[in-house]
Every structure is written in structure tokens, then in C-alpha cells.
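Written below as C-alpha cells is the structure these notes are about.
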């Protein structure tokens with residue numbers, strides 16, 4: 001059986017696309033050793049400069065170590081964004097493809113053909129291979145974005161919002177439930193806009209109601225809410241849901257009114273605060289956000305306001321990014337902030353974020369929680385790694401459970417645990433039942 005090596009870079013939306021490719025390549029044995037592979041695939045990220053550099057390095061490394069006669073394919077966002085330049089600059093790559101043909105990768109490999117379709121998503125896919133877990137899956141509900149954020153180039157290569165049909169999404173979840181999956185994270189560039197392009201006024205609410213009807217879905221969460229398309233009605237539907245947990249992931253990017261205007265984020269500070277307070281008031285809520293520092297126009301005064309806000313409003317998780325100057329964005333032509341200042345601000349805000357995350361972890365000590373066993377931990381085979389049921393898979397932390405204390409524990413199982421300590425950035429716990 002021929003072997004395939006697939007390197008998936010970037011976000012969890014890219015991971016879904018990679019899993020679709022693995023589904024199309026079921027006749028191949030998957031290997032994590034590139035030198036053994038007959039086919040090598042890099043699914044690239046082209047969002048910001050650091051991600052682009054990582055993608056290029058990965059491609060060049062595989063060009064160096066691939067075995068003679070193997071096929072190297074490069075797919076994904078970077079290819080979609082810089083198609084002409086990369087085809088010219090990477091003569092050792094055999095197949096090029098963008099973001100619309102993942103389900104056709106087997107045909108492209110068989111014919112050694114490159115392909116770039118106008119479509120940037122798949123409506124329906126029945127052969128996807130879920131990686132890394134036997135209980136959790138990401139479900140992509142739309143592709144593209146209608147927002148006009150000043151710093152973001154995604155609409156330039158992903159296109160405008162294109163929502164999947166609700167029944168197609170339901171069918172995918174039902175299929176995965178039949179295969180044993182029970183925990184689902186619903187993702188998109190802007191999940192709260194779902195359905196607006198196909199005439200659904202409250203598309204995400206409608207989707208939530210349909211997912212709740214599926215027998216076997218135990219846990220679900222929504223990622224990537226956008227402030228201007230999120231309202232209290234949607235939040236209340238999540239809060240009242242018997243299936244969707246009170247997990248609120250809404251990147252705010254900044255909190256200063258003038259910066260929000262410069263960044264073309266739509267809502268101002270007051271509207272964002274109202275949404276965040278509603279989220280925080282929900283029982284057992286978990287709040288995640290994203291912040292950009294160093295965007296053109298960010299004065300010391302605006303930055304200080306952001307720092308004070310993050311110290312006062314306690315998020316559970318904060319992802320912090322340095323502004324990246326990107327072509328095809330409004331901020332590309334703006335007066336840029338020097339890199340040394342951006343780096344200084346990034347370091348300061350990262351420390352604030354780390355303290356907030358640390359406090360969120362420590363607040364769990366002594367509590368009883370529902371958790372899922374993910375497998376042996378990153379610390380080695382003496383511990384099982386687990387995540388709280390409310391957390392997203394991999395990104396929100398790992399809980400260590402001593403393997404020697406356990407009998408008949410099932411990987412992928414849902415258990416009641418007691419958090420006992422927080423050591424070295426990780427929670428320790430024991431299974432109660």
C-alpha cells in the first residue's frame with residue numbers, strides 16, 4: 001500500500017480540510033515519516049507573515065528530504081493567495097491546489113494535475129478521516145467572510161461568506177455520531193454570520209436547534225463569534241441549550257473605541273462590554289478572546305486602555321498576536337508602528353494574558369468537573385491527559401491524571417473528576433466516577 005505524509009499548518013479550519021484530503025486518500029497508509037512517503041502534502045496557511053514563513057519552510061524541507069519518485073503536493077490558503085508567484089518559485093513541487101479541491105486530491109495525485117476551483121469549500125463530504133481523537137470533531141459550517149476588518153486579508157483569497165446547507169451539516173454530524181464521536185466544535189471565519197448569505201436571518205440559532213435534536217451529541221460549542229453579528233438572543237439560545245456548553249469564543253481584537261473604528265470592527269466598546277457581561281453572567285461560562293497589538297493608529301494611550309481592560313475583565317483564555325502588515329488590506333497603506341514598539345507591547349500584554357489564564361486554572365482547584373480522557377498525556381505514559389468537557393480540544397489546556405490510580409479507563413470516555421492542584425502550568429486531577 002502506498003504511503004502518504006500530510007502536514008497541516010494553521011488553524012482548525014485547515015485541519016478539517018486536511019482530514020477531507022485523508023478521506024479521499026483512504027487507499028494510502030498514513031505515515032508521520034516524510035522520507036517513507038510516496039505522496040507528501042503540505043496544507044499551507046497564508047493568514048499572517050509568520051504563518052507564511054512557516055509554510056514556505058515546511059515546503060522547502062520536504063523538497064530536501066523526499067525520496068526519489070515521490071509526489072509533493074502543496075495546497076491551502078498560501079497557494080490560493082500567492083498562486084502565480086509560488087508556482088514560479090517552487091519548481092520541485094509536483095501539484096499545486098488552493099482551497100476548493102481538497103476532496104479531489106486523489107484524482108490530482110493520480111493524474112499529477114494541479115487544480116484551482118472558484119469554489120472555496122465543500123457542501124458535503126462523507127469520507128473525512130478525523131485525526132487525533134476518537135470523540136471530538138470540528139465541523140466547518142461556512143467558508144469566506146463578509147467583514148471588512150482593516151488588518152485581515154482572508155476575504156481576498158477565501159471570498160465572501162458561503163454557508164453550508166443546514167441539512168448537510170446535520171448529516172455530517174449524524175454520520176460522525178454513528179462512528180462514536182459525541183463532542184463537536186462548530187467553526188468558520190465568522191460563525192455568527194452563518195446563513196446570512198442564503199437568506200437565513202438567524203442561521204446559527206436554527207443550526208443549534210437542529211444539532212440539539214441529534215441523539216448522541218453530548219457536547220457542542222461555537223467558536224469564532226464576531227461582535228457585530230452576535231446578539232443577546234443568540235447568546236441566550238446557547239445558554240439555554242441542553243447540548244451547547246457556555247463556551248464563548250469571541251475575538252475582540254481591541255477595546256478602545258478609536259482603535260475599533262480604525263480596525264473596522266463595527267461595534268464600539270459599550271456594545272462589546274454588553275455582550276461580554278452577558279457571557280460572563282452565564283452559569284459555568286468560559287470566555288476566550290483574541291487581541292492584536294501594534295495595529296496602525298494604536299497610541300500608548302489606546303494600548304494602556306487595552307491593558308487595563310484585560311486586567312479588569314477576567315477572560316479564561318487570551319490569544320495575543322502582533323499586528324502583521326498584509327497586502328490587500330486597508331491597514332497596509334496606513335502609517336506603521338515600529339517593530340521594536342510592537343514587540344515591547346506584545347511582551348507586556350502577553351504577561352497580562354498569562355496571569356489571567358493562570359488565575360482561570362487556579363480557580364478550578366478543589367472543584368468537581370466533567371472531563372474527557374484524551375489519551376496518554378504530553379508528560380509521558382505515567383499520566384493520562386484530559387480536557388474539561390467545556391474546553392475545546394487541545395487549545396484550552398491539559399489536565400494530568402495519574403495512570404497508576406486508574407483501572408479500566410476508556411480513552412474518549414466522559415468522567416467526573418476532582419481538580420487537586422496546579423503545577424507547572426497544568427492541572428492535576430483524580431477521577432471520581
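The backbone N, Cα and C atoms fix where each Cβ goes, and this holds for glycine too.
The [4Fe-4S] cluster 1 binding site annotation in Swiss-Prot covers 11, 45, 77 and is backed by sequence analysis. Feature annotation from Swiss-Prot assigns [4Fe-4S] cluster 2 binding site to 145, 149, 152. The domain 'MTTase N-terminal' annotation in Swiss-Prot covers 2-114 and rests on sequence analysis. Summarising the annotation, Swiss-Prot assigns domain 'Radical SAM core' to 131-362 and lists sequence analysis as the type of evidence.
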Can you tell me how many other Cβ atoms are located within 10 Å of the Cβ belonging to residue 45 ([4Fe-4S] cluster 1 binding site)?
22
Under the DSSP assignment, what numbers of helix, strand and coil residues are found in the domain 'MTTase N-terminal' (2-114)?
55 helix, 23 strand, 35 coil
I'd like to know the mean pLDDT over the domain 'Radical SAM core' (131-362).
97
Least surrounded among the binding-site residues, given as 11, 77, 145, when other CB atoms within 10 Å are counted:
11
Residues other than 145, 149, 152 within 8 Å, Cβ to Cβ centroid, of the [4Fe-4S] cluster 2 site?
147, 148, 151, 153, 154, 155, 189, 190
Nonlocal neighbours by CB distance (under 8 Å) for residue 152 ([4Fe-4S] cluster 2 binding site), same chain, sequence gap 6 or more:
145, 326, 329
Quick check: with 11, 45, 77 left out, which same-chain residues have Cβ atoms within 8 Å of the centroid of the [4Fe-4S] cluster 1 site Cβ atoms?
9, 10, 13, 14, 44, 46, 47, 51, 76, 78
